[in-house]
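The annotation domain 'Major facilitator superfamily (MFS) profile' is assigned in TrEMBL to 1-353. Annotated transmembrane segment per TrEMBL: 37-55, 67-87, 146-165, 185-209, 234-255, 267-289, 301-319, 325-348, in sequence order.
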């Protein structure tokens, strides 16, 4: 029963994550979208740092059931916040759809007994009924059709393996600091704060640099009369620094735990790894949503599908793998995979015209 209810809860939370991306894309323009999406992407990860602290306090003082009641109250507060504080972003689209229907040319069979106005009204009613019928048929996998585009597939895959590594690291972090360093649940939660600092710094730097680099590239393209591509956001130097921090942090974390180094060494390693992680995740998220204007929700749905598929495997195997290989070897291998697969960004930037032609 607990697993079944957890699956239902996960389905709802994933849907909110996807819809939220669409809202962000609608509200913010290109010059602000990098910072907005970076913080939106980072906040769920940052809050996972405070979750162990809150859960530990509630469990120690009120029992484990109090954790679930606390989250219910939080969800209720968020629900009313969305209803009363979040601006509507669908009104523009509705107006455009009505305009399209009014301007549409519809071919009708011969109706000699009907006036032109009557025929037009009947045609519009037919369109409305057809659109309503289509809307009633829900295909939950419709968004995944975007994965046929190789640039989105590669981007989703790299975000998935990097986030899968992150969650696997968090799982092993809790286990290691409980079993090796013998910390209680509250102290383990406090140790996560170092990683949270890395998340915040990475999100801030990624958001600022993403918008700044893109605006600079646009100005240069306009001055030279060149086309503008979403791939202009992908800065090789910045992402190169990010992969060094991320992979170096994971290698350092693995060997520090493996050699039973001072507990602060693992925390500092986490800080560097999470900083590099957020540089990559934020840059790639903004890039992917800009590749498919008007489909931000579908893009995030693709990210969520690929990410959670890989994360499920990672979380199920990380403890067994670290027991078989050791922390040092395991995270050295993972860092090597992240470093090698990061080269896909060169392929994406090189074929920017190809991706644009596919989207047309």
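Glycine is treated like the rest: Cβ placed from N, Cα and C.
Among the recorded stretches 67-87, 301-319, 325-348, the one sharing the largest number of Cβ pairs closer than 8 Å with the transmembrane segment (146-165) is 301-319. Long-range neighbours of the transmembrane segment (185-209) within the same chain, counting only residues 6 or more positions beyond its ends whose Cβ lies under 8 Å from a Cβ of the stretch, are 34-39, 41-42, 45-46, 48-57, 59-60, 170, 173-174, 177-178, 235, 238, 242, 263, 267-268, 270-279, 281-283. Note: the stretches the transmembrane segment (234-255) and the transmembrane segment (325-348) are in contact (3+ CB pairs below 8 A, sequence gap of 6 or more). Counting same-chain residues at least six beyond the ends of the transmembrane segment (301-319), those with a Cβ under 8 angstroms from any Cβ of the stretch are 10, 14, 17-18, 143-144, 146-147, 152-153, 156-157, 159-161, 163-165, 167-168, 171-172, 175, 285, 288, 330. Mean pLDDT across the domain 'Major facilitator superfamily (MFS) profile' (1-353) comes to 78 in this model.
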